[in-house]
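Taken from TrEMBL, the feature transmembrane segment applies to 45-68, 80-98, 118-140, 161-182, 225-245, 257-280, 292-309. Summarising the annotation, TrEMBL assigns domain 'G-protein coupled receptors family 1 profile' to 60-307.
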Amino acid sequence: FISISFLYIDSEQNLKLEIMELQNYSLVSEFVLYGLCTSPHLQHFLFIFFSGIYVVTVLGNLIIVVTVISDPHLHSSPMYFLLGNLSFLDMWLASFATPKMIRDFLSDRKLISFGGCMAQIFFLHFIGGAEMVLLVSMAYDRYVAICKPLHYMTIMRRQTCLGLVLVSWVIGFVHSISQVAFTVNLPYCGPNEVDSFFCDLPLVIKLACMDTYVLGILMISDSGLLSMSCFGLLLVSYTIILLTVRQHAAGGVSKALSTCSAHIMVVLFFFGPCIFIYVWPFSRFSVDKLLSVFYTIFTPLLNPLIYTLRNKEMKTAMKKLCSQHVTS
């Protein structure tokens, strides 16, 4: 009993010493972002370039949302209802880090507070996770429309569409909370440099002043599992669509591709970089930085460009909306 008491006292003293050692460190209150480049001339060009991209992205997606809401036919259509929700998510995906990146092009020191860094991680995984699940819902909508056209309106009724959107938001929120809950409680006592234009999870957890190898593997595996699961479901859905149309219609492959090519392009541009970063997280940071640009900046731009330029109903509804505002 005496030996056990001594062991307990000794372990308690060691714990107090560890706490005192951690208290001697000054906790990080802000992070330094390296950005995309260091050349002043190139940064001025990128400021103009990405400012234009951001404005076009937000306005394009906003026009889609307003068009879907204002047009009764589009608003009652399951496909366009899901498309409007995708555009809403893309506006937030383009806005969680891009405005700060644009502002940082004109700044000598690219600083972000600890709270701002955690907020970027939260919104990235919240919006990204929700968009992954929503893309699966859109693939399911196309599957029902092409493979079961007679039962389309029965299966894809308004309650079903609302449920699919709600599930995507819930999964994105739970996924994001699970990531941030571990990240925010890690001890950060220096260094505080992040080699990216925003606070990306794999880079931030490496800055903690403790061994985060196992924790990093678990957290990155969480994102990788969500990405691979959604991508696998999308792959199966579009494969079934192509095979079904090929068996029941002449020239079915070309028809199916023309119907689903917009979805497939968005899926590839969005999931490709995500899978590369979170399934193979030990690649070079410079490569990951470029890939991050694609799924945070260029993928939200694809939505208004692809879905509107290739869609007659959407273009007709936009012209009708514009004519109504001009005449009024």
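For all residues, glycine too, the Cβ spot is worked out from N, Cα and C.
Any TrEMBL annotation is an automated prediction that lacks curation.
Counting only same-chain residues 6+ beyond the ends of the transmembrane segment (80-98), those with a CB under 8 A from a CB of the stretch are 50, 54, 57-58, 61-62, 64-65, 68-69, 74, 120, 123-124, 127-128, 130-131, 134-135, 137-138, 141, 158, 161, 164-165, 168, 197-198, 296-297, 299-301, 303-304, 307, 313-314. Using a Cβ-Cβ cut-off under 8 Å and counting only residues 6 or more beyond its ends in the same chain, the transmembrane segment (45-68) has close neighbours at 36-37, 74-75, 80-81, 83-84, 87-88, 90-91, 94-95, 98-99, 101-102, 105-106, 297-298, 300-301, 303-305, 307-308, 314, 317-318, 321.
A Cβ distance under 8 Å defines the sequence-distant neighbours of the transmembrane segment (118-140), meaning residues of its chain 6+ beyond its ends; these are 79, 82-83, 85-86, 89-90, 92-93, 96-97, 112, 164-165, 167-169, 171-173, 175-177, 179-180, 183-184, 198-201, 204, 223, 226-227, 230, 233-234, 237-238, 263, 266-267, 270-271, 274, 295-296.
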